[in-house]
């Protein structure tokens, strides 16, 4: 560097230092910590915080803390076995989403139903080949106990996505629902997404690509593969697969993947299958030979089937694609036709609760995720609210002594809750005004997504849109996003695990996501291959729902699991 250049750089540094780190003009010197944490009077919005004045008393917080301590020390740690298991997944329900939903429900100190469960932990969500996961590799982890590649279902990571021909026997594996069915338990899957979507499909299907929901998608990716060698599409596996056909309750959306092209469903929307097969009719035929079977497509038929309690197998498909959002059902006045998640869970429990050996029910609040993908937090928070209501209903309908309820998420999202808003502020409104461009910003925003185009003028990151023009009461309103993407992405941080019931104390600490189904299987005394099933000697103990097995069996599980993985790797090599 020349002497002249050195002089210029030195002069600029002196100007920056003299003018308070700005070359545009003088600024009042401030303490660096002041800039990081602005004083209350520097807020541009003149709003008073709203809270119960009792919170101003120190004794209030100390008394509350002592009560919490007392509650924690009194928590039971029961090794009793669970007769029933209900596993809830809030798709995309990040810890930020949970916190924002508390305020959506009225106050920052509100606790959602599952937050009141006695045991809590964190789980890591990455895939084998991706830092940030999708709902397929995570479903495989939390339902089958194996971490695999992004966008694949129950196929070992040695197989690459969209591989049309591979050794199915060597690379596919059993999971929670097969263990439950082998133990004689009733099983069910409930979702607000398509029943063939990644999360619910993880319960019953193996697929090298989560997008192979019907045969047309398989054919598009495997055009040169012989028909006899082509992978089975996910919808077909629900009807004919060894796990899928034995599910007692199946509810969600996705009729299009069960109907041929040109065949309209109950709402007049055509199917997408290219093989000409009507899988709804096929499901009826298969299950009529197995017991009393019923297909329903609306709320009234669902409630009638649940009330009768005479149905051995129920298939409920309520939309061509995903189910409608709660707010859409309300807005379109379709509450008499379209069931919400709480109503589906209530019906599922009615059909499963009389099973002599108990049941395992998987429930997904899937639209929390799809709303985040479109940068629409009002929709997502309302879906989280419905999810919380469904869990509350399930806990109240069941016995905490024989029913384990586990609540978690598959992954997070890029939603941010920020800006030092005052207590009582509208979580979906403006948080404050920037001290740089003097424009308002919302308390909730996203790192990326379509909201970018409603954040910056003509997509110019140097010029923000004045968001006071937003209609924050409109559930379709997109929120601020930093990076332009056609769909907002997932986040890679850990998600919560909440547990109540037998063996709930095992669901604590920081764990890998694939540990969850192992803990559930241990708690429910299923998964004979792991060495902890107690068989008949305990079946008369509390009607078979509360046998006690030593925690040492977890060691046997680990040995068996390592052996299973080793065999898979050997066969795949």
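Yeah, the Cβs are placed from backbone N, Cα and C, and that goes for glycine too.
When the ranges 255-274, 295-314, 315-334, 335-354 are checked against TrEMBL, the one recorded as region 'Disordered' is 255-274.
Assigned with DSSP, the residues of the region 'Disordered' (255-274) fall into helix, strand and coil as follows: 4 helix, 6 strand, 10 coil.
Other residues of the chain with a Cβ within 8 Å of the Cβ centroid of 91, 197, 199, 364, the Mg(2+) site, are 89, 135, 139, 191, 192, 193, 198, 200, 365, 366, 369, 410. Note: the CA-CA distance between residue 197 (Mg(2+) binding site) and residue 135 (active site, phosphoserine intermediate) rounds to 9 Å.
Beyond its flanks by at least six residues, the region 'Disordered' (205-231) meets 134-136, 151-155, 159-166, 168, 172, 194, 196-198, 237-238, 241, 244, 254, 256-258, 261, 272-275 of its own chain at Cβ-Cβ distances under 8 Å.
In the shown protein chains, 28 other C-beta atoms lie within 10 A of the C-beta of residue 197 (Mg(2+) binding site). Put simply, residue 135 (active site, phosphoserine intermediate) is 8 Å from residue 91 (Mg(2+) binding site) when counted between their Cα atoms.
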